[in-house]
Every structure is written in C-alpha cells, then in structure tokens.
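J.: Just lifted these from Swiss-Prot, have a look:
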type: ACT_SITE; residues: C86; note: active site, nucleophile
type: ACT_SITE; residues: H181; note: active site
type: ACT_SITE; residues: E183; note: active site
type: BINDING; residues: S235, G236, G237, V238, D239, S240, S241; note: ATP binding site
type: DOMAIN; residues: 9-207; note: domain 'Glutamine amidotransferase type-1'
type: DOMAIN; residues: 208-400; note: domain 'GMPS ATP-PPase'
Amino acid sequence: MTENIHKHRILILDFGSQYTQLVARRVRELGVYCELWAWDVTEAQIRDFNPSGIILSGGPESTTEENSPRAPQYVFEAGVPVFGVCYGMQTMAMQLGGHVEASNEREFGYAQVEVVNDSALVRGIEDALTADGKPLLDVWMSHGDKVTAIPSDFVTVASTESCPFAIMANEEKRFYGVQFHPEVTHTRQGMRMLERFVRDICQCEALWTPAKIIDDAVARIREQVGDDKVILGLSGGVDSSVTAMLLHRAIGKNLTCVFVDNGLLRLNEAEQVLDMFGDHFGLNIVHVPAEDRFLSALAGENDPEAKRKIIGRVFVEVFDEEALKLEDVKWLAQGTIYPDVIESAASATGKAHVIKSHHNVGGLPKEMKMGLVEPLKELFKDEVRKIGLELGLPYDMLYRHPFPGPGLGVRVLGEVKKEYCDLLRRADAIFIEELRKADLYDKVSQAFTVFLPVRSVGVMGDGRKYDWVVSLRAVETIDFMTAHWAHLPYDFLGRVSNRIINEVNGISRVVYDISGKPPATIEWE
C-alpha cells in the first residue's frame, strides 16, 4: 500500500496573476501537494477537496470595481488557514470588513517593508534590521490599489511609507495577507514565508517528493489499467519520455511506444530515441518512418497555423494506423502535464486566448474505444524533469531546451522542403555544439536556428554563390511568457557563423535575432 501523498493539500484560488502557477510550483517545491482552481469555485467543491490551507493569488483586477472577482465566502468559514497575496489580500480585507482604494502611486518593483508587530508568518525572518532593531524584508511589489483599513480583528504586521498595511494578520483565525509577491525570487525571504504558512501554520507534511510521486503514479497506473495493453506516442521530448518510463516501470511489456519519425526532428534525434528507449531501457518501440508523408502533406503550404494543423493531422493519421495494427490495446497514454490541464480549464471558461494552437495527439479513430492514461497530469514541468532523473533518464535529455511539437515545421519559414530541413538540422547542430563547448548552453533558456526562405549572395574562394540564410536565436527567460535576447559574445557568434557557412553547403549568410518577447514571440512561427 503506497503512502497517500495527497493527504495534506493546499488549494490555490487563481485571480488571474501571471505569477499564480509560480505560487503552486513553490508550494510543490516545499514537498506539499496543491491544486490551482479558478476563483469562482463553489463551497461544495472546496469541501470535497478538503484543503489543509487556502492561498488567494494576485490578479490584475481592482477590488474597487463592482464586478471584480471575490473569494467564495466559505473560504473564510472553512476553519483552515488562508493566505492572501496582493489582490488576494485586498479581497480578503474587503470581504472581512476592511477597506481598499486606488493608490495615488502604483507600487511596482523592489520595496523594503518594516515588521512592526509579531506574527507567526514572519517571526524570525528578516533581511536587515532598522536602527532600533526592527526586522526589514526585501520584497517585490506589484499593485495599484492598497488596503486603507484592515478588518477590525486583524493587526498590522508590516508596512512601508506608501503602503501602511504591507502584511496583515488574524493569528487566531490564521488569516494572513501580504501586499507583495512571496513567490518571486526578488522577495528574498518569500520561500521562507510560504514554508512558514504551508508547513508550520497549515501543518502540512512534506510527502510530495519525486520518489513518492513515482510510487504513487506506478500504483495508480496498475490500478487503472490492470493487465491491459497501453499505447503511447513517443516523441523523445521530456513529457512523453517520462510517461514512457513510468508506464514501463508499472506495466513492462504491456506498453507499446509508437515513434513517428516525421522528418522534422533535430540531427540524429530519431537514432538517439531508438537507441535510448529501445536498446538501453528495453521498451517495446514501433518505429514509423514517415518523412515523405509529412513533407508531401506540407508541400505548397506557407501559413504557420495551417502547417501546425497539417502536422498534427498527419501525426494522428499515422498514429491511428499503427494503433489499429496492434491487438487488444485498451488504453492510450499521453504526456499531459498540469499546465495543460490548467490551460484547458481556462479555455473552457473563456479566460484564455489561443496565440498558437498546441500540438498533441488530437484524437482517436472512431472505431477505437480507448481509455486515457495521463500519469503526469498533476505535475509541473520542473517536477516531470526531477522524476525523469529519478527514473534514470539522462540529465542532458531532460534539461534540453524546449523544442516545438511541430519540430522544424515551424523553424523553416514558409514552405517546408526536405532540402531546407536538412540544411537547418546541420546548422542548428553546429550552434548547439558550440554553445555546449563554450559553456553557454545552460546559461541561455532556449537556443535554436531558423531557416529563412531567402537567398543571399556570398563569396566562396574565387567564386560567388547565391545561397540560403539562417538566423540564430537565443533567449533568456524565467517563465517563457517574457524573454530577453541573449547577449552572446561577438567572437562566439563569429565562430558559429564561420562554421555554418564553411561546413553547411547551401548556406551563405548567418544573422542573429535580437528581438525580445514582447513584441516578438520566441519562435518565429
């Protein structure tokens, strides 16, 4: 019997902050399970979830607006600790009898708050001391409104010159509010405050660890599928790879992985996937060479969104054909992770805007009646990687830079041709190899090469050549929602350019993309 790793759990109500998923990841890092729900949940849903504590996230709205989001009143009647962050503090103050109004000055960025009263939330936590010995905390503010009167049964714990109620608390009810973001690294003691709330005030044990998550997932898979056969589309990406390893541990030879080589992969990637999972780990793998089929379907298509849809459609067709060849397969496994679940829920409630369509196994043939196995659906990406390491997957594979589902199909601009893909593969491999050699690969968040469908004149020896252009792209980011272009050394860029032009016959010019996100996206298509 495996331990119940969901026994102690935190509920996070999302009011729309860009940092809300980060709050959840921080709670998980503390070894405690949590879930992220939209703010408008019902009392019955909260009761059913039975949280050990509740966190109210930040958000972009103003509590002074009539129809702005509010926490369900039951949150304050459930008898569990509540922690309001930024907007979460404001709605807590307002709903419990305090007052909020728009501030004359919007506070955004670094601030230092002075602790003026003792509280379980910050006791013994400090970054510095005032001249008269009061603790100071370095925090990250991001708010326009501010609490101007706290509820009558609360006390002021900390303040700044422009924000009189930076932390408020009702110790008896274990309600706490902070007007800053403890989840971001700029709030230097933020993790200690979250740990104090989750582990000490809510009394949650650290049961959510990679080894225990694996044991739990294996037990759940076995309980769900029994002796049935399962099929998985293996791409070699982090999510499908960790899904494959978990299923292999749980059901062994009852798992069949279908690896579709679409001709849009990185250099030698197909061989590496087959060697690792087939030869090294001993998984059942069906290898489907399908380059011609994908490239035929893409012929003549220039529109990025149409290309994504074609690649997704052909993948499903090929995968379905292979699935139908297998006997007695009852289950389809997918590498869905928790942010996918959150995004789907947001889309269903009309709270998300699709910028690019996501690429996944989009459907099953109607004649196939299969159940769905999603062993990673409770996990964030960083947790998936930690589990992969625990399962024996190599670090370099798990911490590789992100690669889009449609692969080179969206890194070749315009029409996708085999010639373009082959040139791009080799140029990209040189860029990545040089990044690793210069110890720069792990210093950038994502790096890749883009094929531009334009010819440029060049000189090679005594002759002129009229060949293709590629662009190098490297960015630095924490969350991929915003990104800065990486300031790579000029001599490094020169070395990469020389190698590509000299070693890849067909490329005459290399450029470097210096666009940030926004306004540009990280990928070109």
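Keep in mind that glycine also has a Cβ here, set from the backbone N, Cα and C atoms.
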J.: Write down the Cα-Cα distance for C86 (active site, nucleophile) and H181 (active site), rounded and given in Å.
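T.: It is 7 Å, counting Cα to Cα.
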J.: What whole-number Å value do you get for the CA-CA distance of S240 (ATP binding site) and E183 (active site)?
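T.: Here the two Cα atoms lie 29 Å apart.
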J.: Once the chains shown are all counted, how many other Cβ atoms turn up within 10 Å of the Cβ of D239 (ATP binding site)?
T.: 20
J.: Just to confirm: which same-chain residues, 6+ apart in sequence, have a Cβ under 8 Å from the Cβ of E183 (active site)?
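T.: Set apart from E183 (active site) by at least 6 residues yet with Cβ under 8 Å, we have Y19, L22, V23, R26, V85, G190, L194.
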J.: Return only the integer: C-alpha distance in Å from G237 (ATP binding site) to C86 (active site, nucleophile).
T.: 36
J.: Between D239 (ATP binding site) and C86 (active site, nucleophile), what C-alpha distance do you get in Å?
T.: 33
J.: Quick check: in three-state DSSP terms, what is V238 (ATP binding site)?
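T.: SS state of V238 (ATP binding site) = helix.
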J.: Give the number of CB atoms, excluding that of H181 (active site) itself, located within 10 Å of its CB.
T.: 23
J.: If you average the pLDDT over the domain 'GMPS ATP-PPase' (208-400), what number do you get?
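T.: Here the predicted model's pLDDT, averaged over the domain 'GMPS ATP-PPase' (208-400), is 89.
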J.: Which residues, in sequence order, are found in the same chain with Cβ within 8 Å of the centroid defined by the Cβ atoms of S235, G236, G237, V238, D239, S240, S241 at the ATP site, excluding those residues themselves?
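T.: Other same-chain residues near the ATP site: L234, V242, T243, A244, G335.
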J.: Provide, as an integer number of angstrom, the distance between the C-alpha atoms of G236 (ATP binding site) and the residue listed as 'active site, nucleophile'.
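T.: About 40 Å separates the two Cα atoms.
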J.: Radius 10 Å, atoms counted are CB only; among the binding-site residues G236, G237, which position scores highest?
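T.: Of the binding-site residues G236, G237, the most buried by Cβ count within 10 Å is G236.
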J.: Below 8 Å Cβ to Cβ and six or more residues apart, same chain only. Which residues does that give for S241 (ATP binding site)?
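T.: Same-chain residues close to S241 (ATP binding site) (Cβ under 8 Å, separated by 6 or more) are L234, F277, G388, L393, M397, L398.
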